[in-house]
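What TrEMBL lists as substrate binding site is H30, G106, F107, G108, G109, G137, G157, S158. Look at TrEMBL and you will find H30, D135 tagged as divalent metal cation binding site. Residues or ranges marked as active site, proton donor in TrEMBL: D135.
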Amino acid sequence: MHFVPNITFGHPVVESLRKQLGQDPFFDMHMMVSRPEQWVKPMAVAGANQYTFHLEATENPGALIKDIRENGMKVGLAIKPGTTVEYLAPWANQIDMALVMTVEPGFGGQKFMEDMMPKVHWLRTQFPTLDIEVDGGVGPDTVQKCAEAGANMIVSGSAIMRSDDPRSVINLLRNVCSEAAQKRSLDR
Ligand SMILES: O=C(CO)[C@H](O)[C@H](O)COP(=O)(O)O
């Protein structure tokens, strides 16, 4: 199970969630922070499995990727809507996941930016086995576009939390992504 807590604060949350969930979830910490270098060690110590940072937030992505790996975590690399995939591409072979933001980072409940889909499609074409995640405004109405473009991981907040039946929304989102991934592998 991938669990992507939407938090921008400290690592005690990871420990607390691990205890509460009573299972072994995959913690991807999406660090929407400046100076992401400073949180690598605390997140590793707290038990994070993957550390996702913003390309815009660091001057030395290569050193940060190395540090995350040396701390035993997988690496996610996120780009904001205004950042083109060409900036991410040079790092794509060194990371585990590319995260394409489909809203401006800041808060949930924003409108999905469909014009980010060409970025997802381009990444999927160039890097067929890379995990590609989308975050922002993703729900039953928009997930198909994400999955068809090539995203195999999604972050969804409002669509799940505001639903009367969160479980069925989660299942729908999951099914749409896995069906698209299956179709891609058959087409290859
Ligand atoms: O953190 C975000 C933006 O900063 C995300 O967009 C958010 O967590 C996802 O929520 P929603 O599905 O409501 O867009």
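Just so you know, glycine gets a Cβ as well, placed from its N, Cα and C.
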Sparsest Cβ surroundings (other CB atoms within 10 Å) among the binding-site residues G106, G108, G137, G157: G106
Alpha-carbon distance [D135 (divalent metal cation binding site); F107 (substrate binding site)] in Å: 11
Pairwise CA distance, G109 (substrate binding site) versus D135 (divalent metal cation binding site), rounded so that it is a whole Å: 11
Pairwise C-alpha maximum, in angstrom, for the residues (H30, G106, F107, G108, G109, G137, G157, S158) that bind substrate according to the record: 17
Reduced DSSP assignment, G108 (substrate binding site): coil
D135 (divalent metal cation binding site) as reference: those binding-site residues from G106, G157, S158 with C-alpha within 10 Å of it: G157
